[in-house]
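Chemist: Let me begin by handing over the structure; questions about it come next.
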Amino acid sequence: MCYKMINLELQDQSFDLEDWLPITASRNANWYYSAFHNVTAIVGAGVLGLPYAMSELGWGPGVVVLILSWVITLYTLWQMIEMHEMFEGRRFDRYHELGQAAFGKKLGLYIIVPLQLLVEISVCIVYMVTGGKSLKNVHDLAVGDDKCTKIRIRHFIMIFASSQFVLSLLKNFNSISGVSLVAAVMSVSYSTIAWVASLRKGATTGSVEYGYKKRTTSVPLDFLSALGEMAFAYAGHNVVLEIQATIPSTPENPSKRPMWKGAVVAYIIVAFCYFPVALVGFQTFGNNVEENILESLTKPKALVIVANMFVVIHLLGSYQVYAMPVFDMIESVMIKKWHFSPTTVLRFTIRWTFVAATMGIAVGLPYYSALLSFFGGFVFAPTTYFIPCIMWLILKKPKRFSLSWCINWFCIILGLLLMIIAPIGGLAKLIYHIQKGTLPNSKCKLPKN
């Protein structure tokens, strides 16, 4: 009887559900919320792996891919922002809602939801690994790595995860604004430290080799893997509609104006972070650069320790930016489909289970660049590079062979190629490291148990 009463109450008050779910609970953001949320979402684990990706691609291809990725993803980000409220009186607050408008109610869910969930879950897993590695770097630099067989990376991943159990209690997107702002500042700080310290080291470095270097099974597979690592660096599209949903909108002042203003500022900051880190890092270390540029830097010691701590602080916020849409999806399904009551207990159970699951996978597969390249090609390429273009062609219907039509088909073809070939290199690298039983660029063997 009580269960039926709860269901009836939910049906009567179903219009209030949007006010409870984390994405749409608060709509009082503005353009600078858009700016720092996007910086936090885009600049993450990927920036630290860009010099390594450059070393696998080489100077020419590396620079081309770096610039092309920035331009294409800025264009597709603009498309997403424009499509957010392209129909009068309707806002697409979530990626899958826009997908349903383009592909149909059922097909849109089948296409978008699995991909978006894979993106957001994979990002959270990689951020667990990166957070753990950065904490381990702090430990190794501060006290030495001679005891690495006693304190393994899995322990540092669990330390990083413990903070996420606390932060996951924040109820909605705007409630993590303070965390996201600090994370955005941290991302600019450690990126600047990375390329400035690399530039300083370059002044005293002798000869550096830039030729292709076999790191796993073959150079061609490493090349394909690097394409996925580049793609992983641009993941903000998977939360852009959810960020825009927090901005108020009226016919006179639609949300796309402050959202686009913030996105442009964010992409300028992204360029400031990505290009110097990638180019200066590769210029300094050549093909001997580590998977994480900060692992190649040991001096000035105090500054490198600070940079690694900035990475940890940034990832604390970035993890939550990507986890919040997952929480929103799960909480929505639990209440709408399975008729659970929207309680604090339900919310905490869902979120702590998610944090524990991503921590468990990260502990089992702590392979940084392999995860970047596999997930970057397999799930980031569709949601970032070409699905926005497909939806634009369906909904906007540009004239055939017009400039808009041609640009979108160029992005679609490029994105499809990236999705097909990049995961091959990433999967090969992942299998290689699992078979070897060692962490790449590490003196410590992984435990067999």
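Yeah, the Cβs are placed from backbone N, Cα and C, and that goes for glycine too.
Okay, these came from TrEMBL:
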DOMAIN    28-425  domain 'Amino acid transporter transmembrane'
TRANSMEM  31-50  transmembrane segment
TRANSMEM  57-78  transmembrane segment
TRANSMEM  107-130  transmembrane segment
TRANSMEM  151-170  transmembrane segment
TRANSMEM  176-197  transmembrane segment
TRANSMEM  264-282  transmembrane segment
TRANSMEM  302-327  transmembrane segment
TRANSMEM  348-368  transmembrane segment
TRANSMEM  374-395  transmembrane segment
TRANSMEM  407-432  transmembrane segment
Chemist: Compare 151-170, 176-197, 348-368 by their Cβ pairs under 8 Å to the transmembrane segment (264-282) and return the stretch that comes out on top.
Modeler: 176-197
Chemist: Check the transmembrane segment (57-78) against each of 31-50, 151-170, 176-197, 302-327, 407-432 and return whichever range has the most CB pairs under 8 Å.
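Modeler: Per the Cβ count, the answer is 407-432.
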Chemist: Among 31-50, 107-130, 302-327, 374-395, which stretch has the most Cβ pairs under 8 Å to the transmembrane segment (407-432)?
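Modeler: The stretch with the most close Cβ contacts to the transmembrane segment (407-432) is 374-395.
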Chemist: With contact taken as 3 or more Cβ pairs under 8 angstroms (pairs 6 or more apart in sequence), are the transmembrane segment (302-327) and the transmembrane segment (107-130) in contact?
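Modeler: Checked: the transmembrane segment (302-327) vs the transmembrane segment (107-130), in contact.
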Chemist: If we skip the immediate neighbours and take only residues 6+ beyond the ends of the transmembrane segment (107-130), which ones have a Cβ under 8 Å from one of its Cβ atoms?
Modeler: 44-45, 48, 95-96, 98-101, 157, 160-161, 232, 235, 238-239, 292, 311, 315, 318-319, 322-323, 325-326, 329, 354, 358-359, 361-362, 365-368, 371-372, 375, 378-380, 382-383, 387
